[in-house]
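Here the structure comes first, spelled out in structure tokens, and everything after it is commentary.
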Amino acid sequence: MRKHIDKLFYPVMLSVLSGIILILTMLIVGLLPFRNVLVRLTLPILLALVVFPFLIDQCWKNKFTHCYLSKLDLTILGIFITIMYFMMKTQNLFFMSIHFLGAAFAEEYLYRQIIFNDIRRNYNAVLALLFSSFLFAFIGHMGEDIVDNLLYRLPLGVKSIILCKILYNVLPVS
């Protein structure tokens with residue numbers, strides 16, 4: 001039992017620490033004179049859910065590797081931003097859309113790339129899928145209603161991993 005707890009300690013603590021970093025960076029940015037949604041909301045999310053977990057993950061594993069987005073990722077991102085730019089009527093809606101897209105990518109990176117893959121190294125894919133989805137729903141969205149987390153975020157986490165595996169195992173990614 002102790003062996004299992006030790007193997008799950010890292011993903012749980014990474015999720016909790018990312019939440020703490022998110023709160024701290026939002027408090028710090030809130031003290032700054034910026035009013036732009038990308039600075040006030042998106043920057044803390046990207047720092048807490050992408051930059052911090054990436055650095056911790058690399059230090060934890062004692063290796064620094066090149067992190068990159070695939071051509072598919074960049075193409076999807078470029079198409080989305082282009083469509084959003086030309087379709088949006090107001091600047092606020094455009095910035096909010098970019099914010100939510102950035103938040104979604106940040107969550108996917110933390111919970112699907114780092115946490116899921118770490119759990120997957122020690123357990124089978126189904127357990128990794130369920131546990132990382134549980135962390136996404138209940139630790140990553142700790143301040144939300146528990147029923148919403150159970151009914152929406154937990155199934156969304158499961159679906160998201162399945163979709164990622166289908167996309168990246170079927171489509172050629174280089």
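In case you wondered, yes, glycine gets a Cβ from its N, Cα and C as well.
Sequence annotations record features per position, and here TrEMBL assigns transmembrane segment to 12-32 (among others).
The transmembrane segment feature in TrEMBL is assigned to 38-56 (among others). Same-chain neighbours of the transmembrane segment (38-56): 14, 17-19, 21-22, 25-26, 29-30, 32, 67, 95, 98-99, 102-103, 105-107, 109-110, 114, counting only residues six or more beyond its ends whose CB sits under 8 Å from a CB of the stretch.
Residues or ranges marked as transmembrane segment in TrEMBL: 68-87 (among others).
Residues or ranges marked as domain 'CAAX prenyl protease 2/Lysostaphin resistance protein A-like' by TrEMBL: 92-157. Regional average pLDDT for the domain 'CAAX prenyl protease 2/Lysostaphin resistance protein A-like' (92-157) in the model is 83.
Residues annotated as transmembrane segment in TrEMBL: 93-111 (among others).
The transmembrane segment annotation in TrEMBL covers 123-142 (among others).
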Report summary line: DSSP puts the residues of the domain 'CAAX prenyl protease 2/Lysostaphin resistance protein A-like' (92-157) at 58 helix, 0 strand, 8 coil
